[in-house]
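Have a look at the structure below, then the notes.
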Amino acid sequence: MSENQRPLAVTLQVVSIVLFTFIGYLNIGIPLAVLPGYVHSDLGFGAVIAGLVISVQYLATLLSRPYAGRIIDNKGSKLAVMYGLAGCGLSGVFMLISAWTQSLPVLSLISLLIGRLVLGSAESLVGSGSIGWGIGRVGAANTAKVISWNGIASYGAIAIGAPLGVWLVGELGLWSMGVSIVLLAVLGLALAWPKIAAPIVVGERLPFMHVLGRVLPHGCGLALGSIGFGTIATFITLYYATQHWSNAVLCLSLFGASFIGARLLFGNLINRLGGFRVAIACLSVETLGLLLLWLAPDANWALAGAALSGFGFSLVFP
């Protein structure tokens, strides 16, 4: 392979791996704009429970990180991704159970919560596994490219999945989300099965708490930056409902689209200006977006706030 072909070849290799992140996060995006309203309006629970249904997935992702890391280290990234895709499919089954038991609100809610816990654990495996798999295939020198494309795949999937979920439920009903999640998981497994696995790196592993101590200061900054997306993802549909606005799902789509656009256009700023300066500037932009969303007099201003929030958050992570 000639030198001028290498960057394109590396990018294509990375994209072929982070495709599984896209599939995994599509499963996350599909129910994202539907579940808060379903829990609050159809099942009759309060806004706190509706928020819990969304946030419990991310809690499961956090708590399952050490376990996902051990699977990646000991069994390989490819197997971790396949375990995660299987978990996505299982969460779709619980979504179906919830749809079928809508007349029994407590049972439907319990099914949703179990499914969200499974999906959160699956997110750990798919997201982290895809990064490890990509780095293992293209080398540590391309780590930044793998992480960047993985983020694009994540938020691109959410931007597409949220309106897709609303459309599915509007046309076919809640059960269609469960079926689509199961089918996407099966598709992902079929695509992953024949792909070449990354070699397992042998050697001494740092204890999880030791690693956590090293990354905690930077991780806290990222966690605070993530609160904006978490708030939008969890409560935007309920917020729109209280304001009597329509098309809340567009906030999620614009957040994701702005995230991708900023990363594609300004990804090189980190190398030129340094991570801290870029992160501070981006957090400031995200803050302005969230303030605009909070103070928005109408839906158009709210959309602008969501887009600005996604634009600002884009470069906080890398």
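Cβ coordinates come from backbone N, Cα and C, glycine included.
Just so you know, TrEMBL annotations never went through curation; they're auto-generated.
Owing to the predicted nature of the structure, the values given are computational and were not obtained by experimental measurement.
In TrEMBL this protein carries:
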TRANSMEM  12-39  transmembrane segment
TRANSMEM  45-68  transmembrane segment
TRANSMEM  80-100  transmembrane segment
TRANSMEM  106-126  transmembrane segment
TRANSMEM  147-168  transmembrane segment
TRANSMEM  174-194  transmembrane segment
TRANSMEM  215-241  transmembrane segment
TRANSMEM  247-266  transmembrane segment
TRANSMEM  278-295  transmembrane segment
TRANSMEM  301-317  transmembrane segment
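The listed stretches are 12-39, 106-126, 174-194, 301-317; of these, 12-39 has the most Cβ pairs under 8 Å to the transmembrane segment (147-168). Through the fold, the transmembrane segment (278-295) approaches residues 221, 224-225, 228, 231-232, 251, 269-270, 301-302, 304-316 of its own chain, all at least 6 residues removed from its boundaries and within a Cβ separation under 8 Å. No contact links the transmembrane segment (247-266) to the transmembrane segment (174-194), because fewer than 3 Cβ pairs that are 6 or more residues apart lie under 8 A. When each of 12-39, 45-68, 80-100, 174-194, 301-317 is checked for Cβ pairs under 8 Å to the transmembrane segment (215-241), 301-317 comes out on top.
Long-range neighbours of the transmembrane segment (174-194) within the same chain, counting only residues 6 or more positions beyond its ends whose Cβ lies under 8 Å from a Cβ of the stretch, are 19-20, 23-24, 26-27, 30-31, 34, 38, 78, 81-82, 85-86, 88-89, 91-100, 102, 164-165, 168. Same-chain residues lying 6 or more positions outside the transmembrane segment (301-317) and placing a CB less than 8 Å from one of its CB atoms are 147, 151, 155, 221-222, 225-226, 228-229, 232, 236, 240, 243, 245, 250-252, 254-263, 266-267, 269-270, 278-279, 282-295.
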